[in-house]
Amino acid sequence: MTRLAVRSLVVLFLTVASPFLVAGGGGAKLNASSSSSPLYGIEFPPFNAGVADGGCDGKLMVQGMEEVSRSPSLKLHMTHRSAAEAAAAGRTRKESFLDSAGKDVARIHTMLRRVAGAGGGRAATNSTPRRALAERIVATVESGVAVGSGEYLVDLYVGTPPRRFQMIMDTGSDLNWLQCAPCLDCFEQRGPVFDPAASLSYRNVTCGDPRCGLVAPPTAPRACRRPHSDPCPYYYWYGDQSNTTGDLALEAFTVNLTAPGASRRVDDVVFGCGHSNRGLFHGAAGLLGLGRGALSFASQLRAVYGHAFSYCLVDHGSSVGSKIVFGDDDALLGHPRLNYTAFAPSAAAAADTFYYVQLKGVLVGGEKLNISPSTWDVGKDGSGGTIIDSGTTLSYFAEPAYEVIRRAFVERMDKAYPLVADFPVLSPCYNVSGVERVEVPEFSLLFADGAVWDFPAENYFVRLDPDGIMCLAVLGTPRSAMSIIGNFQQQNFHVLYDLQNNRLGFAPRRCAEV
């Protein structure tokens, strides 16, 4: 069985509906049924429909920034596609989930190469963000169930007049980019690609601009003969056969504020206008980078929302909306179960994109497992360590730790559930046909500063009905590779990236209600 699994591009889509889990007794319980509720969020016009003065909520301003009263933060809505949509596309939950695991593999290989410094795709860290306004931005996020992806998509309006595009949300990369006309080699997306000629606010970054040095040039870079007029070419890679090539540009991005009907237009956001794009992007228009580098959407918009952003992902398979919030969320900050752990430094400059945390141990069934502390360390060459990532579907632990975790679940699992031998990729798997609630050992992560992240069963076991099979949604990476806390394990937690205080926050919440 293949145990190396690496994440694919960050798209806020998830291909498998996860079961609804209920805690109880000495372990967590897995319920076979899941509930649904109406979509929460903002009504958007059709894809690429021009937004007039009436706007997406009746008040979107096209030619400038609307005056809005300051509010604590800015909230973006996210929605998750239902399992029914995946079924309509002819994909079973098993097929979708295993496909996500395969794409994770390509994703992880890319991360390892980037940490090792073997290529481009890195943007320098912005260490001096501008002073922020006290307001929040809110965006809609959708799951990728219908298009066979384990990532999530964010709704944004780009250009003048603003047009709606769905972009993959990725905390593991920095560059924002859209497929652009003329499209020389592009993947299929829903709706037309971005057309620079149709936007009054589009401008190329020139090859002599200092920002051009933040991206890697193509393999055969063009000579910069006219530094003040020639465009800046870029090349950004993610995994096997996944990359985007085009011109670095500036454009207006319009986002909604939490104040009713209010919006903010942010001019001169740096993004990639991709004319040649290949990879597993599954219908998205491009990618929204939320990493730590200077070119990420999170870094560029600090003047608008400050030093914090957070997201709350509904359970996989739900059609209910969820949100990504730029700025402080008062409800989250006042949550009685909000816990923090410090971000850990990385040893390699090429890893500046990623959000590292310092793991100390893993608990299964309430017992700390016998895993060598060195398993979690970051090597001098940047290898190892643990990151939290919205673009990886499953969670992955360095092979020595994974083997101990897998064995602990096998030993502690109720013997009433027969092991399923030779199930592809995932292990262990159990036959739970006819069982409404399955009891599984509890699972927690222990951090070096004493913080503990306890997960409900739905976040680390996936039930693949109608097959009646339930599998541990955790896999292994090579001994020297990083460990990754993926988006499946983050569902129904409000996860806070507090860059002002250099810490990660997490609190259990029903994300459909955020």
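Quick reminder: no glycine exception, Cβ is built from N, Cα and C everywhere.
The signal peptide annotation in TrEMBL covers 1-24.
Feature annotation from TrEMBL assigns domain 'Peptidase A1' to 152-507.
Per TrEMBL, the feature active site maps to D170 (among others). Just so you know, the Cβ of D170 (active site) picks up 31 other Cβ atoms within 10 Å once every protein chain is counted.
Residues annotated as active site in TrEMBL: D389 (among others).
For D389 (active site), other Cβ atoms within 10 Å of its Cβ number 28. Regional average pLDDT for the domain 'Peptidase A1' (152-507) in the model is 90. For the pair D389 (active site) and D170 (active site), the C-alpha distance works out to 7 angstrom.
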